[in-house]
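**Q** Pulled these from Swiss-Prot:
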- 68, 69, 70, 71, 72, 73, 74: beta-D-galactoside binding site (BINDING)
- 3-134: domain 'Galectin' (DOMAIN)
- 130: N-linked glycosylation site (CARBOHYD)
């Protein structure tokens, strides 16, 4: 599994992280993570093609004190092995809005409660082609 990290790229309320990539031909999983460190993750977007007992599942979670918390499972799975994808994460201070490739949106509470995050990392079976953090072009609660 590949691991890519970006440090000191500030993500504040009203900002959007756009991730463009291509999934491997036979992926198990790929995750997008925003937080303070690998032990303190505000939002963990985990695309599971076939991981443990999960098949075609979107899992959203957060990690506090190096312990995963209660996960949010989403039955939507607009991802295809071997294909390009774009996922956007919009930070709205109290929530994260995750824009999926098919235009649907998943919502997740900002459980850590911070006003900004400076650590973004990606893990798994995809090649990240481009990332950007900018003022959101989608509706936010700025």
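Using N, Cα and C of the backbone, Cβ positions are placed for all residues, glycine too.
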**Q** Would you mind reading off the Cα separation of residue 72 (beta-D-galactoside binding site) from residue 130 (N-linked glycosylation site), to the nearest angstrom?
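**A** Residue 130 (N-linked glycosylation site) has its Cα 26 Å from the Cα of residue 72 (beta-D-galactoside binding site).
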**Q** Could you state the CA-to-CA distance between residue 130 (N-linked glycosylation site) and residue 73 (beta-D-galactoside binding site) to the nearest Å?
**A** 26
**Q** Which chain-mates of residue 74 (beta-D-galactoside binding site) that are at least 6 residues away have a CB under 8 A from its CB, listed by sequence?
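**A** Non-local contacts for residue 74 (beta-D-galactoside binding site): 57, 58, 59, 60, 106.
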**Q** Please determine which of the recorded positions listed here (72, 130) has the lowest count of neighbouring CB atoms within 10 Å.
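**A** Counting other Cβ atoms within 10 Å of each of the recorded positions 72, 130 gives the minimum at 130.
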**Q** Which chain-mates of residue 71 (beta-D-galactoside binding site) that are at least 6 residues away have a CB under 8 A from its CB, listed by sequence?
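**A** Sequence-distant Cβ neighbours: 59, 60, 61.
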**Q** Would you report the average pLDDT that the model assigns to the domain 'Galectin' (3-134)?
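**A** That region's mean pLDDT is 96.
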**Q** So if I draw a 10 Å sphere around the Cβ of residue 73 (beta-D-galactoside binding site), how many other Cβ atoms end up inside it?
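**A** There are 11 such Cβ atoms around residue 73 (beta-D-galactoside binding site).
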**Q** Within 10 Å of the Cβ of residue 70 (beta-D-galactoside binding site), how many other Cβ atoms can you find? Include all protein chains, please.
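**A** Around the Cβ of residue 70 (beta-D-galactoside binding site), 7 other Cβ atoms lie within 10 Å.
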**Q** My understanding is the cutoff is Cβ-Cβ under 8 Å with a sequence separation of 6 or more in the same chain; which residues meet that for residue 68 (beta-D-galactoside binding site)?
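**A** When sequence neighbours closer than 6 are ignored, residue 68 (beta-D-galactoside binding site) has 44, 61, 62 within Cβ distance under 8 Å.
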**Q** Could you check what DSSP calls residue 69 (beta-D-galactoside binding site) once collapsed to helix, strand or coil?
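**A** The residue in question, residue 69 (beta-D-galactoside binding site), is coil (DSSP, three-state).
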**Q** List the residues of the same chain that sit at least 6 positions away from residue 69 (beta-D-galactoside binding site) in sequence and have their Cβ under 8 Å from its Cβ, in sequence order, or write 'none'.
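**A** Within the chain, residue 69 (beta-D-galactoside binding site) has Cβ neighbours under 8 Å at 61, 62, 63, 111.
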